[in-house]
Amino acid sequence: MRVLGIETSCDETGIAIYDDEKGLLANQLYSQVKLHADYGGVVPELASRDHVRKTVPLIQAALKESGLTAKEIDAVAYTAGPGLVGALLVGATVGRSLAFAWNVPAIPVHHMEGHLLAPMLEDNPPEFPFVALLVSGGHTQLISVTGIGQYALLGESIDDAAGEAFDKTAKLLGLDYPGGPMLSKMAAQGTAGRFVFPRPMTDRPGLDFSFSGLKTFAANTIRSNGDDEQTRADIARAFEDAVVDTLMIKCKRALDQTGFKRLVMAGGVSANRTLRAKLAEMMQKRRGEVFYARPEFCTDNGAMIAYAGMVRFKAGATADLGVSVLPRWPLAELPAA
């Protein structure tokens, strides 16, 4: 069984083909980073127009990479939400149209379920149950996962997502968009302890996050100190350490609350090396396991949509003839498979 996956929720056009026996057969990705760099962030209208230009050529490239023809595709999965409405509509329209033309089922996929299941693409996939840390530019959530579609929200950010805080703080430090990875690279040259940032909402019970205050603290620290390269690196180090520590503390609480021994980390920020190292160290001390996808599957991609579509297809999920998307779509609303 082979599923074509289409991802267009934001500023990456991702197309992949997944085979339930052979695994990933094709993976094509186009990033719009250069398109949005001059604006310091994603411009929704530009993102949608670029998806229109890139989606079909990437599908053709994926078919060529896999050596398959359209007749050998058994279903088409597409990201139906959450995300930018215009961008979502491009992928949904193309996906639904191809499914109709090829006479195969169309499978709407939840973007964050795609991220959550991305570690399943690895050679050592996690088993249920586990705590999932979904951490990206748009989401920071802790989820109790006991099966496909069996998701319970434990905590989430009440304001900025961790990835958004990374990008905004990077901009304050004079780094280009997207600044998160650049900030981490700068932080590696920083001196630990020169600046000490707060660990938001760790001084009280609960599993919710807040990162807007941390961004403000960073802005004040930047204004109050010199603009030399080492000072900027030290501030980046203090900021990254604060975010990583906060995420780690909340993960520890979630594991204590659920009693689970496995932690899954997914989303763009899960590619952060410092975060990976800290969580791996924490889970080793707890005699548990931590799982995450390879870096290219942490950010938005078609492979996770193709895989999640395969899982949902086997569970009987299909879409009607209409084209509909959900820019806001709580993960907990998904049905169990």
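Glycine residues also receive a Cβ, built from the backbone N, Cα and C atoms like all the rest.
Using a 10 Å Cβ-Cβ cutoff, His115 (Fe cation binding site) registers 30 neighbours. Here Swiss-Prot flags His111, His115, Asp300 as Fe cation binding site, drawing on sequence analysis.
According to DSSP, Gly138 (substrate binding site) is assigned to coil rather than to any helix or strand. Residues near Gly138 (substrate binding site) in space but far in sequence (CB under 8 A, at least 6 apart, same chain), listed by position: Cys10, Pro82, Gly83, Ala161, Gly163, Glu164. Under the heading substrate binding site, Swiss-Prot lists Leu134, Val135, Ser136, Gly137, Gly138, Asp167, Gly180, Asn272.
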Local Cβ density at Asp300 (Fe cation binding site) - other Cβ atoms counted within 10 Å:
26
Rounded Cα separation (Å) that holds between Asp300 (Fe cation binding site) and Ser136 (substrate binding site):
10
Quick one: Cα separation, Leu134 (substrate binding site) versus His115 (Fe cation binding site), in Å?
8
So which one is it: of the binding-site residues Ser136, Asn272, which has the fewest other Cβ atoms within 10 Å?
Ser136
DSSP secondary structure for His115 (Fe cation binding site), reduced to helix/strand/coil, please.
helix
